[in-house]
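Notes follow the structure.
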């Protein structure tokens with residue numbers, strides 16, 4: 001029986017198809033590993049960057065030692081069943097990830113200027129710093145925030161983000177310096193410097209706005225964040241008590257897009273599990 005089981009997959013696929021499959025696995029694995037290593041080399045360490053590395057290594061391993069792996073599986077029926085379950089689970093996960101990516105690709109495209117009522121406050125969400133300077137993603141959010149601040153000159157501007165681990169500066173302070181350098185009036189700025197997550201961004205900023213006489217239950221608020229981050233941010237904002245809230249999405253740097261979307265996939269699931277929306 002083990003020999004017969006071993007022969008079945010070899011008879012099912014012609015050698016040319018097996019060779020093409022190995023090449024495809026090898027290329028996909030190499031691209032995933034290269035993507036992760038390049039971004040890790042510039043200091044990025046979040047899940048969307050790190051996860052492609054073990055997946056890529058697994059694909060390279062299957063391409064390199066696929067025949068030996070199949071022989072090992074063929075020795076025990078339970079191994080084949082377990083491997084089949086793993087493959088099905090991975091396929092379902094990939095399908096859900098693709099669906100999420102398609103939804104994210106459509107997010108953040110709404111023009112906030114179409115709304116009839118101008119915002120009383122603009123809330124720019126932090127996104128990490130690079131040695132106390134704006135990261136590429138954060139810079140895009142700040143540029144989008146500046147655009148909205150100039151469009152709505154009456155609105156107060158909240159910059160929200162806590163301490164950047166390892167450097168001692170807060171994201172809010174880095175954002176304040178950047179906006180001041182671009183000519184934004186200091187008197188318009190409010191700093192929220194305690195948050196460590198999107199949920200805390202919105203909860204702590206809500207209290208700050210209320211203290212400034214701009215209670216989000218009655219004041220229109222425009223949230224500025226990355227395009228991929230818009231759906232989750234709006235859901236959390238509404239759950240946190242923002243009644244009249246909409247969002248302006250900033251473009252994500254192309255070289256970070258897929259990794260940011262992958263990270264957001266898990267963050268979305270985490271927020272739902274934690275009851276943040």
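Every residue number used here counts from 1 along the chain in the order it is shown.
Just so it is clear, glycine is given a Cβ too, placed from its N, Cα and C backbone atoms.
Straight from TrEMBL, the features:
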DOMAIN    121-266  domain 'DUF218'
TRANSMEM  21-41  transmembrane segment
TRANSMEM  47-64  transmembrane segment
TRANSMEM  85-105  transmembrane segment
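The list of residues near the transmembrane segment (21-41) in space but at least 6 beyond its ends in sequence, with Cβ under 8 angstroms from a Cβ of it, reads 13, 49-53, 55-64, 66, 255-256, 258-259. Same-chain residues lying 6 or more positions outside the transmembrane segment (47-64) and placing a CB less than 8 Å from one of its CB atoms are 22-23, 25-26, 28-37, 39-40, 258-264, 266.
Broken down with DSSP, the domain 'DUF218' (121-266) shows 70 helix, 30 strand, 46 coil.
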